[in-house]
Amino acid sequence: MAPSGPQPALPILVVLLGALLLGPGNAQTSVFPPEVILPRGGSVKVNCSASCDQPISLGMETPLPKKEILPGGNNWKMYELSNVQEDSQPMCYSNCPDGQSSAKTLLTVYWTPERVELAPLPPWQPVGKNLTLRCQVEGGAPRANLTVMLLRGEKELSRQSAVGEPAEVTTTVPVGRDDHGANFSCRTELDLRPYVLKLFENTSAPHQLQTFDLPATPPQLVSPQVLEVDTQGTVVCSLDGLFPVSEAQVSLALGDQKLNPTITYGNNSLSAKASVKVTAEEEGTQQLLCGVMLGNQTQETRQTVTIYSFPAPNVNLTKPEVSEGTEVIVECEAHPRAKVMLNGVPAQPPGPRAQFLLKATPEDNGRSFSCSATLEVAGQLVHKNQTRELRVLYGPRLDEKDCPGNWTWPENSQQTPMCQAWGNPLPQLKCLKDGTFPLPIGQSVTVTRDLEGTYLCQARSTRGEVTREVTVNVLSPRYEVVIIPVVAAAVILGTAGVATYLYNRQRKIRKYRLQQAQNGTPMKPNTQATPP
């Protein structure tokens, strides 16, 4: 509570009393102190005096509670006024033989405001927009000495006089990003220093400001334009220029399906990524929505997603396993709006169905028939493939390519006999010399004289058997010594013969041309065929 006002001491009053008393003449009433400032509810002592020595009457008129203190003198009285709640002017009066008179003292009551309140700030304030601060002040006196300040932290934004009851003070300030989290408050100052008192301050509770900056551009939404039923797609929504980005929220939804995104925050940007899986109930056109919410504003982007159902095409064979020579129908069928293509089939009009007739051969065993179906969805082509394999049953085969009929190997060399039998089912193969000595097919062996000879290779399966003779020749070192010079001599003689023939031919041509030139006969091109 503010301190009490000054109380005049009795000795001082008595001393001053004589100075205030006037000599004989016109009647005059005096009051001391003439002015007093005191806290509301306080008390004060006031002296009333008359100019004559023996006043007929001397007193005070006031609505305030009063009582006379001290014995007083013939021409003065002292009163104590208590519970002073508001400004007042008590009046001292006197009635002397030469006339009546009166005098007033001015009581000024001071008190600090009962309520200093800053109006609530908006939950979110857009950056770049002006903010209006409003402060209400109830009570406080004297108003001439009461001012109201609006503050940002301790920085003074505005100072105004308190006018009216309650007094309301407003000011408008621009808001930037650096104002986010700043505290704003209202403060009153009751300056009684001119009355030799002090400065009284009252401050409201601070309010914290939250600012935000949401760009006018909509979020960027990246997603597939088409989605197949029971498949999963990825949706990414991003936006730059957000402040404060940590307070931004993202909402992603496909139709009635709310997505659960994972949000990654940058300095002033965010990216929300979510997986979406669609069902047959959602087939058709759906709206994909991305909303970024910050403060009390939202930016949205919408995109159309087409959800479709497209089963893989069916590839059907008359029978997946047939005997050699059997006719097989290969058929591919897909979605009614799809176009199919069977590999290895002559071109057919585009449509959802294709087929052809095949006469199975051993070469068709293990053959894959692939069907490709294409469907147009929302301007995009989507593809599905299906493959079936045909198994052809045929008897054993042994041919020169996979089972050579003659091998010639040097003695003591390392060789691997190879003979592959074909058939479905795969036949068993064995090669025997004289019905007992086996040829180690597929195994690395050291060539010896015992390996030489003719072998009967037999391939057998449930669909029959086939045989083939295979001869193994073993070259001994002596045979190699004889055969090598013979082969070398043959090569030399052959080369010499060819060279002699070419020389004689060129010589005859030159001779013929010379004769023709001498006889004046035009030359004809030589069309003689080159001898083999």
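Every residue gets a Cβ built from N, Cα and C, even glycine.
Note: Swiss-Prot links CYS371 through a disulfide bond to CYS332 (candidates: CYS332, CYS419). Here the candidates are CYS135, CYS290, and Swiss-Prot names CYS290 as the disulfide partner of CYS237. Cross-referencing CYS48, CYS135, CYS186, CYS403 with Swiss-Prot gives CYS48 as the cysteine bonded to CYS92, criterion being a recorded disulfide. Checking the candidates ASN296, ASN519 against Swiss-Prot, the annotation N-linked glycosylation site falls on ASN296. Record source Swiss-Prot places CYS96 in a disulfide bond whose other cysteine, from CYS52, CYS186, is CYS52. Computed over the topological domain 'Cytoplasmic' (504-532), the whole-number mean pLDDT of the model equals 56.
On a Cα basis, CYS92 (disulfide bond) lies 122 Å away from CYS371 (disulfide bond). On its own chain, CYS431 (disulfide bond) has PRO417, CYS419, PRO438, LEU439, ILE441, TYR455, LEU456, CYS457, GLN458, VAL470 as residues at least 6 apart in sequence with a Cβ closer than 8 Å to its own Cβ.
The C-beta environment of CYS403 (disulfide bond), restricted to residues of the same chain at least 6 apart in sequence and closer than 8 Å, consists of MET418, CYS419, GLN420, ALA421, CYS457, ARG468, VAL470.
DSSP states for the domain 'Ig-like C2-type 5' (412-464), grouped as helix (H, G, I), strand (E, B) and coil, give 3 helix, 25 strand, 25 coil. Just so you know, of the disulfide-bonded residues CYS92, CYS457, the Cβ with the fewest other Cβ atoms around it within 10 Å is the one at CYS457.
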